[in-house]
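Enquirer: As annotated by Swiss-Prot, active site, proton acceptor applies to TYR153, with the evidence given as sequence analysis. Annotation comment: Swiss-Prot describes 12-35 as NAD(+) binding site, evidence class similarity to another entry. The substrate binding site feature in Swiss-Prot is assigned to SER140; the stated evidence is similarity to another entry.
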Amino acid sequence: MAFTLTNKNVIFVAGLGGIGLDTSKELVKRDLKNLVILDRIENPAAIAELKAINPKVTVTFYPYDVTVPIAETTKLLKTIFAKLTTVDVLINGAGILDDYQIERTIAVNYTGLVNTTTAILDFWDKRKGGPGGIICNIGSVTGFNAIYQVPVYSGTKAAVVNFTSSLAKLAPITGVTAYTVNPGITRTTLVHKFNSWLDVEPQVAEKLLAHPIQSSLACAENFVKAIELNENGAIWKLDLGTLEAIKWSKHWDSGI
């Protein structure tokens with residue numbers, strides 16, 4: 001169902017990152033009411049740039065590390081909801097690419113996303129009298145087919161796709177819809193230099209970047225298009241400047 005971002009309130013976790021910042025720039029062009037950015041490190045220059053792009057949009061920043069206990073996330077969300085009353089969209093975008101850091105990769109890329117999602121359900125779940133909401137989770141094309149030299153990173157992204165697809169199926173119960181946007185290799189600092197698991201391929205970044213990649217702006221433009229298309233359960237591939245809905249094959253069914 002098509003969705004207009006005009007006058008909406010959006011929370012963007014990691015909205016100042018490589019793809020995140022360019023996506024934030026595209027979002028403010030859509031005349032949001034509020035863009036609330038949650039990120040680990042404040043970037044006043046980037047916040048000022050976002051405000052300058054569209055002064056009609058209120059842009060606010062809160063420091064947030066997705067690896068904090070879920071109670072801290074809930075406390076922060078209470079502050080945000082008290083200020084805005086309603087939130088329409090949550091974008092979960094935190095991610096690291098470093099297979100030396102196994103525990104942190106899982107904590108940031110998957111556990112943090114699950115916890116942030118779980119926390120906002122306290123405010124959105126229609127079983128608790130909530131209004132529902134929209135969750136946009138950033139996965140990766142490696143969630144479809146791994147970069148096998150970084151199996152930890154790729155595994156977390158596969159988990160994001162599976163978790164989000166489950167959320168989408170739960171929408172009739174919770175009132176919360178969900179979909180993933182899954183970028184291909186994108187020109188950001190994330191991929192300039194990173195470590196493979198157990199150092200199985202020391203040149204993994206260089207080899208990857210030898211192939212065609214997309215700009216973060218091209219990715220951001222399609223990212224916002226996916227938000228506007230607002231298809232519950234969609235698995236979007238954002239690769240080489242294109243936006244494509246992935247058809248997921250079913251190989252097993254729980255039957256429940």
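Using N, Cα and C of the backbone, Cβ positions are placed for all residues, glycine too.
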Enquirer: Just to verify a number: CA distance, SER24 (NAD(+) binding site) to the residue listed as 'substrate binding site', in angstrom, no decimals.
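Expert: About 18 Å separates the two Cα atoms.
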Enquirer: Give me the Cα-Cα distance between ARG30 (NAD(+) binding site) and TYR153 (active site, proton acceptor), rounded to a whole Å.
Expert: 32
Enquirer: Tell me, if you would, which residue among PHE12, TYR153 (recorded positions) has the fewest other CB atoms within 10 Å in the structure shown?
Expert: PHE12
Enquirer: If one measures from the C-alpha of LEU21 (NAD(+) binding site) to the C-alpha of SER140 (substrate binding site), what distance in angstrom results, rounded to a whole number?
Expert: 17
Enquirer: Measuring Cα to Cα, how far is GLY18 (NAD(+) binding site) from TYR153 (active site, proton acceptor) in Å?
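Expert: Cα to Cα, GLY18 (NAD(+) binding site) and TYR153 (active site, proton acceptor) are separated by 17 Å.
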Enquirer: List, in sequence order, the same-chain residues at least six positions removed whose CB sits under 8 Å from that of LEU27 (NAD(+) binding site)?
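Expert: Listed in sequence order, they are LEU5, VAL10, PHE12, LEU35, VAL224, ILE227.
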Enquirer: Looking only at C-alpha atoms, tell me how far the residue listed as 'active site, proton acceptor' is from SER140 (substrate binding site), rounded to the nearest Å.
Expert: 10
Enquirer: Provide, as an integer number of angstrom, the distance between the C-alpha atoms of SER140 (substrate binding site) and GLY15 (NAD(+) binding site).
Expert: 16
Enquirer: What does DSSP call SER24 (NAD(+) binding site) in the simple three-state scheme?
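Expert: Going by the DSSP assignment, SER24 (NAD(+) binding site) falls within a helical segment, counted as helix.
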Enquirer: If you draw a 10 Å sphere on the Cβ of LYS33 (NAD(+) binding site), how many other Cβ atoms land inside?
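Expert: Excluding its own Cβ, the number within 10 Å is 16.
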Enquirer: Check the binding-site residues GLY15, GLY18 for other C-beta atoms within 10 angstroms of each C-beta and report the one with the most.
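Expert: It comes out as GLY15.
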